[in-house]
Structures are given as C-alpha cells and as structure tokens.
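Participant: Quick one: structure below, then a few questions.
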Amino acid sequence: MSSVSQARSLGKYFLLIDNMLVVLGFFVVFPLISIRFVDSLGWAALMVGIALGLRQLVQQGLGIFGGAIADRLGARPMIVTGMLLRAAGFATMAVAHEPWVLWLSCVLSGLGGTLFDPPRSALVVKLVRPQERGRFFSLLMMQDSAGAVTGALIGSWLLQYDFRLVCGVGALLFVLCAGFNAWLLPDWKLSTVRTPLREGMGRVLRDRRFVTYVLTLTGYYMLAVQVMLMLPVMVNDIAGEPAAVKWMYAIEAVLSLTLLYPLARWSEKRFRLEQRLMAGLLVMTFSLVPIGLASNLQQLFTLICLFYIGSIIAEPARETLSASLADARARGSYMGFSRLGLAFGGALGYAGGGWLFDAGRALHTPELPWAMLGVIGVGTFLMLWWQFSQKRLAPGLLEQES
C-alpha cells in the first residue's frame, strides 16, 4: 500500500472515531434542552427556540470564516480550540436559570462549532476519494444515528438526577475529543494551495451556482432542525414523560442502521444527486404536515418514521452534492460557506418554529406550525427543481457524482 493510500485509510478511521465522540457529546445535551427549559421550567418555546437558533446561526453563519482560517492555518489548531469552546458552552448551560445565560451558552457552543466543523468537513473531502464520498457520508450518517440514540439515552438517564450532570458529561466528551485531536491528528493542510483568507472567501462568493444552492437549502434545514425542538416537545406532550423522547432517536437509529447504506448504494446507481435530495425533501415535507393532528404515540411515531426516511434519502445526497461543487483550492472556505443554509434555516426554524408553536397553542390550532413547514418544504423543492432543471445547467453537471 502506498503512503498516500495508507494515509487515506488511517485518516478515514480517525474521522469515524472523532465523529462518534462529537455526536455523543452533542446528543447527550441538545435533545434535552427543550424538555428541560420548556416542559420542566415552563419557559416559552420562543425563548428556547431563540437559544437553539443562536447556536445554529453562530456556528453555521460564521462557518466561512472558520473554514477560511483553517485553509490558512490547517485543521488541528482550529478543531482543538473549537471543541474546548463547545465544552465551555455546555459548562455554562449547566448553570442557566435565566434566558440570557442559556443564550450565552449556546453562542459559546456555536463559536466552538464554527471553528471545528468546517475543517472536519474539509478533511472528509481531502481524505475520501470522490467516488467513495457518497458511501462514506452514509457511514457517517449511520454513526450519527447510533450516536444520537446512545447520547439521548445517556442524557435522559442523567436528567433524572440533575441537568448539570447532563451538561457535565457533554462537556467532558468534548474535552476528550479535543485531546484526541491534539494527540493524533497530523498537521494536515486542507487545500491544494495555501490560500489567503480573503482569496478563499472571495472564490466562494464569486461562485454563483454554489451560493444559490447553499441559500436554497435554508428551507430544507428549517424542516430538519425540528428534531431538536418541536418533535421532542410533541413526543413529550403526547407521552406525558420526557423518557419517551429517547424512542424517537431509537427509531432514527434503527432506520439509519438498516436502510441508509444500502439505500445510498442502490440509489447512487440509478438517480442523480439532486433527484435524491428533492425526493427526500418531499417525503420530509409531507410527513410533517399531519403531525399537528396526531393524537397518540403510534400516529406520531409513524409520521416521524416517514420523516427520518426522507432524511435518509436526502442527507447523503446533499452532503455529496455540496462536496462535488467545492473548489479544491479553497476546500475549507467552501465547506464553511456550505453551512450558511443551515445557519439561516436553523435560526428561522428554531425561532420561527418556537413562535409558531406557542401561537398554535394559544390559538388552539396545533396544526399551524406544521402546515407552515409544509409550505416551506414545497417552496424549497420548487427552488431546487428550478436550479437543477436541464435547461439551466452546463452539460455534464447533473451526471457528476462525487
């Protein structure tokens, strides 16, 4: 095996271990935030939605800067610093008894993600060959699902004793992850050239096709982020106990572990990336619309199953399509900017979703927020269809697979 092939192989194992630690640390804490502050402490869903939206907006909205700096400095210092900041955010959340403290903790957590997320994504693009990326992203998603349910189980168990324990374990996992990267991650550069900060950002902003695609994904993410806000609250409301939330993540884990990889292998040979993304988005959209009418856990979990299946179809295609459109001369900048749709979608999805959820309760129309998400999903589908229609694209782009 050549030294390059060996580095790629070892690098992929490193990425998988690192990803598991990050996912565990995140899901120990974040799925329980809405349960802790909305249901246990009685805060308005809007207050918690603002906190979650701030984390999303800071982490993903500033991602282009984190990516551009990583293009200049390399991956390791950015990743280690970011993970320590995330740990500090969780430690602050443990003592949050007023909204501004929760908001501050989420901003710190988001700043940490701004530093470590783009270089980690760029490392995947660097270390995984283009023809293997779709399957590798599927493996990461399977790992995300297993880590999510494991983290949620740990967090739910700890929540019985004290929310501070939940935050402490999450912070500890990110400190361990920072040490893992500081010790084992080589001093790799992310881009094929040492790109100055301004040049890398400028290269992305001049790429009109990429910018349009990323901003369109705002609507997709407004739907996707509800697994952290409205879906857990709905499960808790119908079940009457926070422990039921773990079954929501168990459903995701089972579906992902059984369907994600084989579905990705099957669909990549038969459908283009944008077709898979749009099909998954439609399934997600039409599974969310009836949730406001669900009256028991069986109905709710059936709709959540359909939502996760849509995500399983869409997410590997979205990641692979984003990577395929990135310029190798500024990988970090591109991967950072690719998170901007998640920044806007997360902020609007959390804050807007929280406001609509409160309004639906006040007006005794619980279907209101879900109907609005349906409108957003259909609008996003039409925008993607317009961008990727045959007449608008240069020959060969639709056939491009990463």
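Backbone N, Cα and C atoms are what each Cβ position is placed from, and that goes for glycine too.
Owing to the predicted nature of the structure, the values given are computational and were not obtained by experimental measurement.
I grabbed these lines from Swiss-Prot:
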TRANSMEM  13-33  transmembrane segment
TRANSMEM  34-54  transmembrane segment
TRANSMEM  99-116  transmembrane segment
TRANSMEM  139-159  transmembrane segment
TRANSMEM  165-185  transmembrane segment
TRANSMEM  214-234  transmembrane segment
TRANSMEM  243-263  transmembrane segment
TRANSMEM  277-297  transmembrane segment
TRANSMEM  300-320  transmembrane segment
TRANSMEM  340-360  transmembrane segment
TRANSMEM  368-388  transmembrane segment
Participant: Against the transmembrane segment (34-54), which of these stretches has the most C-beta pairs under 8 Å: 139-159, 165-185, 214-234, 277-297, 300-320?
Facilitator: 214-234
Participant: Can you name the far-off residues of the same chain, 6+ from the ends of the transmembrane segment (99-116), with a Cβ under 8 Å from a Cβ of it?
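Facilitator: Same-chain contacts beyond the ends: 22, 33, 37, 43, 47-48, 50-52, 54-60, 62-63, 65-66, 78-90, 92-93, 174.
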Participant: Determine whether the transmembrane segment (13-33) and the transmembrane segment (214-234) share at least three Cβ pairs under 8 Å, counting only pairs 6 or more apart in sequence.
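Facilitator: Checked: the transmembrane segment (13-33) vs the transmembrane segment (214-234), in contact.
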Participant: Quick test of the contact rule: Cβ under 8 Å, at least six residues beyond the ends. What residues does that give for the transmembrane segment (139-159)?
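Facilitator: Residues 15-16, 19-20, 23-29, 31-32, 35-36, 124, 165-166, 169-170, 242-243, 245-246, 248-250, 252-253, 255-257, 260-261, 312, 315-316 contact the transmembrane segment (139-159) from elsewhere in the chain.
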Participant: Looking at the stretches 165-185, 340-360, 368-388, which one shares the most CB pairs under 8 Å with the transmembrane segment (214-234)?
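Facilitator: Answer is 340-360, with the largest number of Cβ pairs below 8 Å.
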Participant: Residue list, the transmembrane segment (368-388) vs rest of chain: Cβ under 8 Å, 6 or more residues beyond ends.
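Facilitator: Sequence-distant neighbours of the transmembrane segment (368-388): 209, 212-213, 216-220, 222-223, 226, 230, 274, 277-278, 281-282, 284-286, 288-292, 353, 356-357, 359-360, 398.
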